[in-house]
Structures are given as C-alpha cells and as structure tokens.
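Participant: Structure in structure tokens, see below.
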C-alpha cells in the first residue's frame, strides 16, 4: 500500500515538473497572438519555438501547452492589450 501511494505521488510530481504552464501566447503589444488568417499548423510551430510541447488555434488566438515558466502568456488580470 505504501508503495502504491509513493508511486502515485511520483506520477503527480512528474506531471507538475514536466507539464509546464499553458495559455495564450502574447505578441509584442501584450495582445493574444492572432491565428485568424494564419495557415494550418501556425500555432503549433509558434508554441514549439517558445519551447512548448504543443499548441493549436483556439480561434482566434494561439493556445500552447507545456510552456517553460519564462514564457509570458496572456492573463485577463494583467491585460495590457490596446492600452497605453
């Protein structure tokens, strides 16, 4: 039983460490990175360029998984898009 608990704990820890964060990529103005008129696969490429594991076009913006902590993702609370 103790072994099973230890095994499950290790799996959860691996998911936390390896999983990374997820969210919408931001452009240089702090807005979500648009994929509205981009070709298929654009968001996946952009996400992997940022060292993410994968990504897709969550119309109309790129959403990424497995991003490292240094990558800034869009957050409603700190949204600066269109504001000066």
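Placement of Cβ uses the backbone N, Cα and C atoms for every residue, glycine included.
According to Swiss-Prot, the feature disulfide bond maps to 31-81, 35-57, 43-62, 47-64. According to Swiss-Prot, the domain 'LCN-type CS-alpha/beta' annotation covers 21-82. The feature cysteine amide is assigned by Swiss-Prot to 81. Annotation comment: Swiss-Prot describes 1-19 as signal peptide.
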Participant: Taking Cα atoms as reference points, rank the disulfide-bonded residues 43, 47, 57, 62, 64 by distance from residue 31 (disulfide bond) and give the first.
Facilitator: 62
Participant: Excluding near sequence neighbours, so keeping only residues 6 or more apart in the same chain, what lies with its CB under 8 A of residue 47 (disulfide bond)?
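Facilitator: In sequence order, 25, 53, 54, 55, 62, 64, 65, 67 meet the Cβ cut-off.
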Participant: Just to be sure I understand, if DSSP states are collapsed into helix, strand and coil, how many residues of the domain 'LCN-type CS-alpha/beta' (21-82) fall in each?
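Facilitator: Helix (H, G, I), strand (E, B), coil: 11 helix, 21 strand, 30 coil.
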Participant: Between 62, 64, 81, which of the disulfide-bonded residues has the fewest other CB atoms within 10 angstroms in the structure shown?
Facilitator: 81
Participant: Of the disulfide-bonded residues 35, 43, 57, which one has its Cα closest to the Cα of residue 81 (disulfide bond)?
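Facilitator: Smallest Cα separation from residue 81 (disulfide bond) among 35, 43, 57: 35.
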Participant: If you count, for each of the disulfide-bonded residues 31, 35, 43, 57, the other Cβ atoms lying within 10 Å of its Cβ, which residue has the minimum?
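Facilitator: Fewest other Cβ atoms within 10 Å, among the disulfide-bonded residues 31, 35, 43, 57, is found for 31.
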Participant: Any idea what the Cα distance is from residue 43 (disulfide bond) over to residue 57 (disulfide bond), rounded to a whole Å?
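Facilitator: Rounded to the nearest whole number, the Cα-Cα distance is 6 Å.
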